[in-house]
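Each remark here refers to the structure printed beneath this line.
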């Protein structure tokens, strides 16, 4: 079922944003005049903006493909294999990019959308909806993460008990509380660690799926915003910023997909959706540019809530499932030098992505 997450999320986003566009077109005169004029900007040039957006579709697609595919082909490069130190450092850098994306790009955009003067003061100015939705999104991600592992562990315990009853010579080895945990803190059920490895693999697959879902939500929204804009002065720096963003965010996602050990078909599906979602959002924005008003109340609310949800998910995934898992894991805990290099990589990734917020 989780393999259909990208398709389902993209479909729902298209429905929501199409509804937003039609609602914005219907309300027309009800929107304040300053909100209508704000979308034009001081650098309005529709032909030039269209040319830049077509360039953006190609360049962002290429950058996304390179970013997400580099880790998937890293097994051919000995220095970039998952068990090598360089892979850990590169993944730490990419995790820093994902963390900064949530805090420095998605969250401020949501605050800006939901605190816009184009929205009614009641209730949007009376309550911090962005922080509330981001908090709920992080809690929901935790619940999904926890429940999936719980169901898996119960299934494994049930199978182990059946085997124990069916085979008189089979003796289950008890594991004391607090011991025998795998890389992600999942208890192992037998002495040889096979069940613990399977639990870690499941955890990695959950991380890859949920992270992909959060990235897709954000990518469609930011692509739509660029595609609907007619301001070349805004689009030009966005193209470079989004290429940088997609390249390193793709490396972070690609590392998670690699560790999930999917088959080639599933890897291709996840890579395809990541690489094409932002260009798809740009194309959708171009198609809706005549009816979509990014300052209409419906558009501001829909995009603001989606951004808040994506921010909570990305922040949780970056801190808990990526950074905390690696930094508290045996590889980094066993080497202070490698841990310091990984810390530096996180700071460089988050710092570089934070700097991009100046243009994006």
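Positions of Cβ are set from backbone N, Cα and C atoms, glycine also.
Whatever TrEMBL says is automated annotation, not expert-curated.
Taken straight from TrEMBL:
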SIGNAL    1-23  signal peptide
TRANSMEM  54-74  transmembrane segment
TRANSMEM  86-107  transmembrane segment
TRANSMEM  127-152  transmembrane segment
TRANSMEM  270-292  transmembrane segment
TRANSMEM  298-317  transmembrane segment
TRANSMEM  338-357  transmembrane segment
- Message: Could you check whether the transmembrane segment (338-357) packs against the transmembrane segment (127-152) - three or more CB pairs closer than 8 Å, residues at least 6 apart in sequence?
- Response: no
- Where else in the chain does the transmembrane segment (54-74) make close Cβ contacts, counting only residues six or more beyond its ends and a cut-off under 8 Å? 80-82, 87, 90-91, 223, 226, 235, 238-239, 242-244, 246-251, 253-255, 257-258, 267, 270-271, 274-276, 278-279, 282-283
- Task: Take the transmembrane segment (127-152) and find every residue of the same chain, 6 or more past its ends, with a Cβ under 8 Å from one of its Cβ atoms.
- Result: 107, 110-111, 114-115, 186, 199, 202-203, 206-207, 210, 214, 304-305, 307-313, 315-317, 320-321
- Item | Residues from the same chain, set at least six apart from the ends of the transmembrane segment (298-317), whose C-beta lies under 8 A from its own | 13, 16-17, 19-21, 23-24, 27, 98-99, 101-103, 106-107, 109-110, 112-114, 116, 118-119, 124, 129-138, 140-142, 207, 210-211, 213-215, 217-218, 221, 224-225, 292
